[in-house]
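Asks: So Swiss-Prot lists these for the protein:
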DISULFID  Cys192-Cys216  disulfide bond
DISULFID  Cys258-Cys271  disulfide bond
DISULFID  Cys357-Cys469  disulfide bond
DISULFID  Cys463-Cys473  disulfide bond
DISULFID  Cys535-Cys544  disulfide bond
CARBOHYD  Asn77  N-linked glycosylation site
CARBOHYD  Asn499  N-linked glycosylation site
CARBOHYD  Asn511  N-linked glycosylation site
REGION    254-259  region 'Involved in neuraminidase activity'
TOPO_DOM  1-34  topological domain 'Intravirion'
Amino acid sequence: MAEKGKTNSSYWSTTRNDNSTVNTYIDTPAGKTHIWLLIATTMHTILSFIIMILCIDLIIKQDTCMKTNIMTVSSMNESAKTIKETITELIRQEVISRTINIQSSVQSGIPILLNKQSRDLTQLIEKSCNRQELAQICENTIAIHHADGISPLDPHDFWRCPVGEPLLSNNPNISLLPGPSLLSGSTTISGCVRLPSLSIGDAIYAYSSNLITQGCADIGKSYQVLQLGYISLNSDMYPDLKPVISHTYDINDNRKSCSVIAAGTRGYQLCSLPTVNETTDYSSEGIEDLVFDILDLKGKTKSHRYKNEDITFDHPFSAMYPSVGSGIKIENTLIFLGYGGLTTPLQGDTKCVTNRCANVNQSVCNDALKITWLKKRQVVNVLIRINNYLSDRPKIVVETIPITQNYLGAEGRLLKLGKKIYIYTRSSGWHSHLQIGSLDINNPMTIKWAPHEVLSRPGNQDCNWYNRCPRECISGVYTDAYPLSPDAVNVATTTLYANTSRVNPTIMYSNTSEIINMLRLKNVQLEAAYTTTSCITHFGKGYCFHIVEINQTSLNTLQPMLFKTSIPKICKITS
């Protein structure tokens, strides 16, 4: 037992000794470290477990939140869709409503309002235009004007050079410029269009022609067409006549021998209203009625008719007609050139040439003004003045050009270019040369004729192209000329280049002694009649419009045709 107790005692002793050994180890620094590591590991494990539990809980809550958000977004989408559809429907209804209102306004409301305002404005303008002092304002109510840089050719401005001397050149030969022509024509095969008259103003042009329904007889029933327009530039930068408004006057009025003036934004026309033929008219006392027409760019027209007793004459006339060519405006007066037969001849010596002509003296020249075919009336030119032409009843005053300053009275035209007035008269008598010069309308009235010696016109055998000696005859054809130089020595014209026949229309640039440049329109057999030439400048460059009555041979009728050329002016520098 003692051994046994010893053994146990030894065991416990040993045990105690072991524990003693452990306690001793714990108390050592290494033991304490191990204890703290164990505690830290345990705490880490516990914290990891707690974090894991928290993460799991967070995931569960997040999933629940996402499901909730998805449901919320879906609900919002449904709401947005509903709102969108509501707004779209509101916009659609509003657009439809406004469209209906706009359509109603466009179709009825606005036109009614515009028509009312237009009528009110027209009435206001018309009321104002009845007052003479507001005439200029009224003329500017429509803004239509030639293209920039275009104006009637003024010889004083055109015939000059920055360096050198202005001359007409023969090189290169002139040619026709391309472009449209919108001159009025006839709608009948046997119809005839006669007596073209063109006036180019500062703002617009006026063109008039006579449309005879059957044949070309002067007394035939006819329409008169007055056209207003402006000069534009085509794609080739050449000038064109561009019509804006046209008015056709009643065929029953039978206007004849009309002359035109373009002034401001209106066209003015003076015509004869003959009821008898020319020879019968010259055999009677007093003239046939005249009519003065006014046309504006809105198409409004006004006419004044005058009988012989309504007109103030300086001498009694048996017949008198406007001269076909254009007239001029000076302040409040329009002046047309006219011609006719005096009831009682004037005393004095007319223009005369006696050298190189056998058995010719001044009395032969004086007698040559009295035409047998026209009942021996003395035929003279006159100035037909229309005073206060915008008044309710303009006054017409006729002043005779002294026979001492003129040749045989005939058709012709007036041009006011700058401060100078030019006159052309048809060479209807023995004097076949071109008759163009400057006119002084002051008292006494005088004409300074340019001494042209190469340009002429065809005529009957006794007064043909080459005739130079005074004798009684009435012949020739209207082929006016446009002055390019201030003295009218240099001119542009379209001549019928033949001795006795109205054929071979030829555009010519000439001075008094030499034809410088010319262009035959077709051939020497081409039949033609009246021609008129008017010129303009475009920023200093010169162009001419040539209107020629061409005989449409296959139809045996006349029709004015428009041609254009560039003026062959050069500046010659002499060394």
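In case you wondered, yes, glycine gets a Cβ from its N, Cα and C as well.
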Asks: Far apart in sequence but close in space: which same-chain residues, 6 or more away, have a Cβ under 8 Å from Cys535 (disulfide bond)?
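Replies: Cys535 (disulfide bond) has long-range Cβ partners Pro152, Leu153, Tyr482, Leu484, Ala492, Gly542, Tyr543, Cys544, Phe545, Ile567.
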Asks: Pick from Asn77, Asn499, Asn511: which of these glycosylation sites has the biggest number of other Cβ atoms within 10 Å of its Cβ?
Replies: Asn511
Asks: Taking every residue in the topological domain 'Intravirion' (1-34), what is their average pLDDT?
Replies: 47
Asks: Just to be sure I understand, if DSSP states are collapsed into helix, strand and coil, how many residues of the region 'Involved in neuraminidase activity' (254-259) fall in each?
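Replies: Final tally across the stretch: 0 helix, 4 strand, 2 coil.
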Asks: Tell me the Cβ contacts of Cys469 (disulfide bond) under 8 Å, same chain only and six or more apart in sequence, or just say none.
Replies: Val353, Arg356, Cys357, Ala358, Val360, Trp430
Asks: Counting other CB atoms within 10 A of each CB, which of the disulfide-bonded residues Cys192, Cys216, Cys258, Cys357 comes out lowest?
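Replies: Least crowded of the disulfide-bonded residues Cys192, Cys216, Cys258, Cys357, by Cβ count within 10 Å, is Cys357.
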Asks: Using C-alpha atoms, which one of the recorded positions Cys258, Cys463, Cys473, Asn499 comes nearest to Asn77 (N-linked glycosylation site)?
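Replies: For Asn77 (N-linked glycosylation site), the closest Cα among Cys258, Cys463, Cys473, Asn499 is found at Cys258.
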Asks: Around Cys271 (disulfide bond), how many other C-beta atoms are within 10 angstroms of its C-beta?
Replies: 26
Asks: Going by Cα-Cα distance, which of the recorded positions (Cys192, Cys271, Asn499, Asn511) sits nearest to Cys463 (disulfide bond)?
Replies: Asn499
Asks: What does the structure give for the C-alpha distance between Cys271 (disulfide bond) and Asn499 (N-linked glycosylation site)? Integer Å is fine.
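Replies: Between the Cα atoms of Cys271 (disulfide bond) and Asn499 (N-linked glycosylation site), the distance comes to 31 Å.
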Asks: May I ask for the distance between Cys473 (disulfide bond) and Asn499 (N-linked glycosylation site), taken between their Cα atoms and rounded to an integer number of Å?
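Replies: Just about 15 Å between their Cα atoms.
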Asks: In whole Å, note down how far the CA of Cys192 (disulfide bond) lies from the CA of Asn499 (N-linked glycosylation site).
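Replies: The Cα atom of Asn499 (N-linked glycosylation site) is 25 Å away from the Cα atom of Cys192 (disulfide bond).
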Asks: Looking only at DSSP and grouping its letters into three states, which state does Cys473 (disulfide bond) belong to?
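Replies: Looking at the DSSP assignment, Cys473 (disulfide bond) belongs to neither helix nor strand, so coil.
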Asks: Relative to the Cβ position of Cys463 (disulfide bond), how many further Cβ atoms are located within 10 Å?
Replies: 25
Asks: How far is it from Cys192 (disulfide bond) to Cys258 (disulfide bond), counting Cα to Cα, in Å?
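Replies: Between the Cα atoms of Cys192 (disulfide bond) and Cys258 (disulfide bond), the distance comes to 16 Å.
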